[in-house]
Amino acid sequence: MQIKLANPRGFCAGVDRAIEIVNRALEVFGPPIYVRHEVVHNKFVVEDLRSRGAIFVEELDQVPDDVIVIFSAHGVSQAVRTEAAGRGLKVFDATCPLVTKVHIEVARYSRDGRECILIGHAGHPEVEGTMGQYDASNGGAIYLVEDEEDVASLQVRNPDSLAFVTQTTLSMDDTSRVIDALRKRFPAIGGPRKDDICYATQNRQDAVKQLADECDVVLVVGSPNSSNSNRLRELAERMATPAYLIDGAEDMQQGWFEGVERIGITAGASAPEVLVRGVIQQLQAWGATGADELAGREENITFSMPKELRVKSLL
């Protein structure tokens, strides 16, 4: 059995920044540091930060007064920001800047009283945060659609004053079809020059397609609640390549690889490389050879840290 590695894979700039914000806050201020929602959707990362003093909560009413709270990479609604400010909580915002970009778009449509459609998965924290940027008091409304069927049944007030945005971690292929359906049903709809799916999501989806084309089975390292990791598994399966989403080497079954010659490995944007290395080691113990990395798109994007953490870390 030969191992092939997708390129790029694993951490993106937004995830790197979010994890580093929690790490720096722990270093500068000491534990406990409260984090609203899992800072990124990865079990290994969350447990590591928890072991060092991060406390993960789902709502601010679980946060005591006079502590530091960090908003996760997925972003939060304006109502959550207002609640935190009203309580005087010290907040560090780990929202991915590419998610913030979508928030700004939604807020602009809201101010203009323009109806907005969000393409995304119901219940995902990024979707909840993005929906929560819209203030309907200006006369508009925001709607959530997941697929073409939702578009077909959607009723809006003013189809001539309509715009769309997208969740950043969707399948590019699925999203393209939904956008086409929106444009067909609402010809006057506006939106970003291109969809809001982030560069890292696009790159990892392109890479897993190449991987699935060259391999007999694909392993996606990522947690079950990771949207982008699930999309990677789905893409491989759509190419008729068996694919498995695993948190790490302990989730693998040796029987998956009977008769397999080429094993492909990728990782979601919130999965650290140490987990990939663990998977490789286990496969090699089962007789796999090599770990050849495919050619791929280079990523050199970085996002800046909050000023207070950036300055204090240098003192």
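Note that Cβ sites are derived from N, Cα and C of the backbone, with glycine treated the same way.
In three-state terms derived from DSSP, Cys96 ([4Fe-4S] cluster binding site) belongs to neither a helical nor a strand segment and is classed as coil. Residues within less than 8 Å, Cβ to Cβ, of Cys96 ([4Fe-4S] cluster binding site) and separated from it by at least 6 positions along the same chain comprise Gly14, Val15, Arg17, Ala18, Ala73, His74, Gly75, Thr168, Cys198, Phe303. Sequence annotations record features per position, and here Swiss-Prot assigns [4Fe-4S] cluster binding site to Cys12, Cys96, Cys198.
Under DSSP, His124 ((2E)-4-hydroxy-3-methylbut-2-enyl diphosphate binding site) is assigned to coil, being neither helix nor strand in the three-state scheme. The (2E)-4-hydroxy-3-methylbut-2-enyl diphosphate binding site feature in Swiss-Prot is assigned to His41, His74, His124, Thr168, Ser226, Ser227, Asn228, Ser270; the stated evidence is sequence analysis.
All chains included, 26 other C-beta atoms sit within 10 angstroms of the C-beta of Asn228 ((2E)-4-hydroxy-3-methylbut-2-enyl diphosphate binding site). In this structure, Asn228 ((2E)-4-hydroxy-3-methylbut-2-enyl diphosphate binding site) is part of a helix by DSSP. According to Swiss-Prot, the feature isopentenyl diphosphate binding site maps to His41, His74, His124, Ser226, Ser227, Asn228, Ser270, an assignment based on sequence analysis.
According to Swiss-Prot, the feature dimethylallyl diphosphate binding site maps to His41, His74, His124, Ser226, Ser227, Asn228, Ser270. Around His41 ((2E)-4-hydroxy-3-methylbut-2-enyl diphosphate binding site), taking its Cβ as the centre, 29 other Cβ atoms fall within 10 Å, counting all chains.
Over all protein chains present, the Cβ of Glu126 (active site, proton donor) has 25 other Cβ atoms lying within 10 Å. Marked as active site, proton donor by Swiss-Prot: Glu126.
Of all the binding-site residues listed (His74, His124), His74 sits in the most crowded Cβ setting, with the most other Cβ atoms within 10 Å. Among the listed binding-site residues, namely Thr168, Ser226, Ser270, the Cβ with the most fellow Cβ atoms inside 10 Å is that of Ser270. Of the recorded residues, Ser227 ((2E)-4-hydroxy-3-methylbut-2-enyl diphosphate binding site) and Glu126 (active site, proton donor) place their C-alpha atoms 10 Å from one another. Here the Cβ of Cys12 ([4Fe-4S] cluster binding site) has 28 other Cβ atoms within 10 Å, regardless of which shown protein chain they belong to. A Cα-Cα distance of 19 Å separates His124 ((2E)-4-hydroxy-3-methylbut-2-enyl diphosphate binding site) from Cys12 ([4Fe-4S] cluster binding site). Of all Cβ atoms in the protein chains displayed, 26 besides its own lie within 10 Å of the Cβ of Cys198 ([4Fe-4S] cluster binding site). The Cα atom of Cys12 ([4Fe-4S] cluster binding site) lies nearest to that of Ser270, taking the recorded positions His41, Glu126, Ser226, Asn228, Ser270 as the candidates.
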